[in-house]
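Here the structure is laid out as structure tokens; the discussion comes afterwards.
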């Protein structure tokens with residue numbers, strides 16, 4: 001009955017009539033005795049039909065009883081001439097060793113996951129602190145230095161430090177060290193075979209630099225009009241805008257839960273506007289921060305569409321080029337604003353350099369964590385740092401300024417944050433919940449007789465398969 005892999009069917013569905021006839025297949029007692037020392041007959045009566053076929057007939061070369069004996073074990077048995085009892089004892093020892101190796105592997109995997117989760121908690125705290133600190137310090141800076149575009153230009157220029165910082169990390173961790181020129185040329189391949197040419201710069205880099213500046217400038221303008229709690233909560237809507245743009249432009253997979261999250265975000269924006277009245281000055285601030293979130297979403301979607309995914313060195317080089325271009329090509333704008341008295345500064349001595357450097361440093365730290373934090377933890381934990389800055393800003397606003405936390409504002413903040421968290425769900429979240437509920441239900445079911453248990457297991461397996469396929473499509 002054994003078939004070689006060359007003549008065996010490609011799918012188990014090809015022998016489905018035979019599977020139906022072998023529903024209550026049992027193993028002969030003689031075969032059980034021959035395979036007693038192997039793990040291939042562990043609870044074979046309760047195994048699924050497909051598993052029985054694979055174990056007994058050897059389809060696809062599936063012969064697990066041969067895996068329990070290594071070549072060294074067989075050589076040692078032939079040399080010493082062991083008896084059946086010694087062979088059983090050796091198999092038991094092999095199984096114990098295998099169990100120890102599996103346990104060691106599980107412990108190692110668990111340790112890696114725990115370490116990654118702990119790094120994630122640290123990253124969440126750092127991201128929350130940097131984003132909330134940037135927002136609060138920028139709000140304080142405007143009391144002494146009311147120049148949002150100059151502050152944006154100054155903070156964006158700090159992006160020049162991305163590639164030097166990455167290169168230092170490259171020297172510390174990579175055994176094959178490259179010179180800065182070699183590393184620069186290798187990362188420039190991200191822009192194409194010709195590297196960074198003037199045409200590539202003006203078509204693939206300059207537009208993203210403009211979107212970067214607009215995102216930060218509109219957010220800082222919003223902080224001049226509204227409190228930091230509303231600004232940080234409304235900026236969380238950029239996640240919903242990213243999903244909508246990806247669905248429309250990139251043809252990403254449609255997910256009902258993310259549509260609901262986008263609707264919640266839009267409802268939160270409307271309720272936030274209603275909290276202070278549609279005719280109040282805060283409407284302008286809300287418009288600014290929503291526009292900032294839209295620019296941020298457009299930046300992310302266009303980057304994925306035009307440039308694709310970037311490695312750490314390529315992302316660092318790209319952001320450094322954006323900062324350098326900002327310094328070279330946009331430096332004239334703060335000068336024009338100064339001479340036209342739009343953003344007038346009395347004298348250089350009046351500039352609060354400590355505040356400016358603090359704002360730029362916190363924003364730079366936040367961007368470093370966003371772009372490089374994925375190397376040490378999960379992306380979902382990184383995203384949590386943004387939404388957790390909302391309650392932090394709310395606590396600070398509660399003790400430092402006159403903010404009216406009415407019911408409408410609280411509900412608006414809550415549903416925006418809820419929509420943000422719903423957008424963090426993975427694409428297969430429904431299948432994960434089904435598998436978890438199935439495992440819990442199976443654990444709670446009482447064990448029954450051998451034949452009945454085997455039939456029940458086969459039925460449950462087929463039911464789970466149909467459910468998974470239904471949700472997958």
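The backbone N, Cα and C atoms fix where each Cβ goes, glycine too.
For reference, TrEMBL has these:
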REGION    73-95  region 'Disordered'
TRANSMEM  117-138  transmembrane segment
DOMAIN    118-273  domain 'EamA'
TRANSMEM  150-168  transmembrane segment
TRANSMEM  201-219  transmembrane segment
TRANSMEM  231-250  transmembrane segment
TRANSMEM  257-275  transmembrane segment
TRANSMEM  281-303  transmembrane segment
TRANSMEM  315-339  transmembrane segment
TRANSMEM  351-369  transmembrane segment
TRANSMEM  376-396  transmembrane segment
TRANSMEM  408-425  transmembrane segment
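Model confidence over the domain 'EamA' (118-273) is summarised by a mean pLDDT of 88.
Tertiary proximity for the transmembrane segment (351-369) is limited to same-chain residues at least six positions away from its ends with a CB under 8 Å from its CB atoms, namely 123, 126-127, 130-131, 133-134, 137-138, 140-141, 144-145, 151, 154-155, 157-159, 161-162, 165, 216, 319, 345, 382, 385. Counting residues 6+ beyond its ends, the transmembrane segment (281-303) has Cβ neighbours under 8 Å at 207-208, 211-212, 214-216, 218-219, 221-226, 230-231, 234-239, 241-242, 244-246, 249-250, 269, 272-273 in the same chain.
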